[in-house]
Amino acid sequence: MTGVIKNAASAVATAMSDAKTKDMQRNIIDPGNTERKGQNLDYGPYISDTDNWLKITNGTNSGPSLLEDQVAREKIMRFDHERIPERVVHARGAGAHGVFRVYDDRASKYTYAPVLTDPSRETPTFVRFSTVQGSRGSADTVRDVRGFATKFYTQEGNWDIVGNNIPVFFIQDAIKFPDFVHSVKPEPHNEVPQGQSAHNNFWDFVGLQPESAHMVMWVMSDRAIPRSYRTMQGFGVNTYTLMNSKGERFFVKFHWTPELGVHSLVWDEALKIAGQDPDFHRKDLEEAITNGAYPKWKFGIQVIPEANEHDFEFDILDATKLWPEDLVPIEYLGEMTLNRMVDEYFPEVEQVAFCTSHVVPGIGFSDDPLLQGRNFSYFDTQISRLGVNWQELPINRPVCPVLNNHRDGQMRHKITKGQINYWPNRKGTLPPVSTENGGYAEFQQKVEGIKHRVRGSKFQEHYNQAQLFYNSLAPHEKAHLIGAISFELSHCDDPVVYQSYTKILNNIDFDLAKQIALNVDGTIPEAPGRPNHGKVDKTLSQAHYIPSEPTIKSRRIAILVADGFNASEVLAIRATLKAGMATTWLIGPRRGKVYPAGQVVGEGEGMVADHHYEGQRSTMFDALIIPSGAEHVQRLSANGRAVHWVREAFGHCKVIGAVGEAVTFLREAVSLPGVQFQSAPGSDSVVTSYGVVTTGTYGVTNAAAEPFKIAVGDKGFLANFAYELSKHRCYERETDGLVERVAF
């Protein structure tokens, strides 16, 4: 009887379970059902083209995109409203306040915008840096594009440059943006991976979308793992226009070039930091500003007169293409400095909202099809995320007066007096402002063509600039790119995906495709998909941006110590490096007092270590110095973590300095392959070998005779050390095979 009851109860439970399953089935749609013809609009009709925004075109050149396109509007608007309140993309970010000033009025021949022509102005700015793919909880150092969005609070209103640290993008037409983001985001069936693009869907999409080839090369390069926000370039990506006081129009791209050069992490380091300190980049920004090492960028423009729009083999309105600097040089107009951190993260960094459509008189839009869609999408997105009155929030509010007939809506802040809220009105309240008196003027562009979902003929070429980028990389950058693509494709478990992408790569470079195919078990090509044109542009390599005046400003230098170290030496080193605006950090066996030679451990005054060996790893620093001291070096030699500290720094190509007995520690305990050391005890001559700088002695006397400088020579330990550090890394260790001989 008991069994019968149990069986009955089980049957009821099963029936209830089946009932819910059947109930859920009403909402389950299988896109793979072969009986379905294809995509529909939400209100029913089938979609004939989901790749091209309806635009006016003569069949060769793109014209303006049309707002009447219900397919594009529905696709973009549905995408814009997918998530609240977190941003769909660029969710994880950090920000800071700053100022912008132009050098002179040299840009007046292109534009009448005072923000770009009036050197007496100092324009407040706010910059938000971000990753694209991950959520707010993802790590800073993942491989990804970085957002570089700048809000200028000009006297004429807000101007937003909603840019990235890469000058091109994955797609040509904004209608494809939902597809791209869906593909790169965590896969919908399991919500992984977070904060990276190494998965089937992303590589499937870009493998079927050849226009992405150029951008993929950039994202797989070192550009996607920057050392800091402060060492990133910024690009406006899209093509805008400038108009001067004569009514002449120019096409323009915007550029930010960092004072400190363009530098990156290495991949192993980026992976480790993601776990050790997922907030690495935002902490770095705050540390630099707090210490007065304000981040600075030169602001430049590339300009093409309207008459020369079609003089290039590529379409200048194609966002998957850059304008090579040998064809269109950058003209630097001014400088931006970030000098103040936010007071509260949420109301400033999280609630700041940018729009590509926010421009001021003298700056306008082109028919760039990605920009046309972004102008619609960004405004719509901010309404979804922050409400219709988002521009009244303090961080978004213009510094100039704002008066209009907009009223009501969620979270309205303004209280507008009076009985008039429309135009025209009997009292003449708030009339439009003529362009002669400062009203925004649109360029009177002639448009001809037919309505059609097509792209211009120049938009059909996808590989020339991908080749140009790859050809222009330094040897270590090419090796890093090959390693990155190999890593990413090795995480794709569908052979169709990684085999397909090797075919794309074969249209960029035959040897590149072969090497990656070997690494990921792809289809090894037998012949080039297309010839490599062999052209090079030196400005595409990060190595081109080493500052003309060497600097170690804001560099983080670890001083590795154990009990028994040389205290006077450490004090002299710290004082000298501080003069170069670098920061030094004492890393010891404990966080607390570490005792120099001559002091009894636990009884002397000691020096306080900032971190212990386990609390901060070498990955958190740009360089490493080990002072002298026989007892201290003996303790380091017996500590596996200390030995690993140095080997890891060496493997990540960082500069290493050592004095006295510490040189023996490097040579014997750490065993750095291929490196030459200073072997004369007590000598102050300097040996530099593969970024390892060694000397026999350094102390107060040396520091007094060696005011801070950055130089190369047989004398001056810190001058040589600073010079090696100013180069960021010693990548010759990689290219000469030293790194692969060290376990780290």
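Using N, Cα and C of the backbone, Cβ positions are placed for all residues, glycine too.
TrEMBL: automatically predicted annotations, no manual curation.
What TrEMBL records for this protein:
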type: ACT_SITE; residues: H90; note: active site
type: ACT_SITE; residues: N164; note: active site
type: BINDING; residues: Y378; note: heme binding site
type: DOMAIN; residues: 40-431; note: domain 'Catalase core'
Rounded to an integer, what is the Cα-Cα distance in Å between N164 (active site) and H90 (active site)?
10
Show which residues of the chain containing H90 (active site), separated from it by at least 6 in sequence, have their CB under 8 Å from its CB.
R128, S130, T131, V132, G147, A149
What is the average pLDDT across the domain 'Catalase core' (40-431)?
94
Cβ neighbours within the same chain of Y378 (heme binding site) - under 8 Å, at least six residues apart:
V162, F354, C355, T356, S357
Tally every other Cβ atom lying within 10 Å of the Cβ atom of N164 (active site).
24
